[in-house]
Amino acid sequence: MQKKIFLLEDDYLLSESVKEFLEHLGYEVFCAFNGKEAYERLSVERFNLLLLDVQVPEMNSLELFKRIKNDFLISTPVIFITALQDNATLKNAFNLGASDYLKKPFDLDELEARIKRFFNDDPIEIMPNIFYHQNCLSVRGKKEILPPKTAQLLEYFLEHKGQIISSQALENNLWEQAIDDSTLRTYIKVLRKLLGKNCIETHKGVGYRFNPL
C-alpha cells in the first residue's frame, strides 16, 4: 500500500522540489503552505508521516502539532524542519512528541534516509542477536511479545537512539498526560531486564538515553 506523506512548507520552490523527489521514490505527497490550511486538511485526512516546517504563516507548526494531537488524537510520526538555530525550539518539539528533525538546508538523500526509518518493514537490529519488529522482541532466538506501552517506549527510544530524552517528552508521547515517575521507571525497568541494564542510561534530573552497545 502506498505511503501517504503530508508536507507543510511555505517555500513554494522547496515544497515542489521535495514533493517531486518523494513521489519519484513512490510516496503519495500532499502539500500545504500555511498552518491554517494544514490544520483543515489534517482534520479530515490521515497520513503515514508529517513533514512540518516550523516557521510558516497563520499558525506555526508547533502550535499546529499540539492542536491536531489534542483535537483529533493524531499520533502520526512527525519530522520537524527548521532553519532556526534554537535548541529551545527543538526541545519544545520533542516535548510535544516529535519523532525527528531536519535543519535547513538539508540534503534530499538525508531526508530519504530519515523517512525510511519510519517505513522500514525489516526487523531492527538493536544489538547483536537482539531484533525488534512490530511489537515483537527477539532475544537470541527467543521471541517476546511486548505490551503496547512497552513497545511504544522502545520504538520512541529507537527513534531517538543516542539522544537524551526528557521524562516529560516520554510522558507526552506515550501517555499525553502527567504520570507518576514510578510508572515510567517501571517500563524502563522492563526494557532493561530484556535488553540489559546498561542499554538505557539515567541522566539524573534530565531524562534517559537509549544507548545499546
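From the backbone N, Cα and C atoms, a Cβ is placed for every residue, glycine too.
What Swiss-Prot records for 4-119 is domain 'Response regulatory', and it gives sequence analysis as the kind of evidence. Mapped onto DSSP helix, strand and coil, the domain 'Response regulatory' (4-119) counts 55 helix, 24 strand, 37 coil.
Using a 10 Å radius centred on the Cβ of D53 (4-aspartylphosphate) and all shown protein chains, the other Cβ atoms total 24. What Swiss-Prot records for D53 is 4-aspartylphosphate.
What Swiss-Prot lists as DNA-binding region is 121-212.
Under DSSP, the residues of the DNA-binding region (121-212) split into helix, strand and coil as follows: 35 helix, 27 strand, 30 coil.
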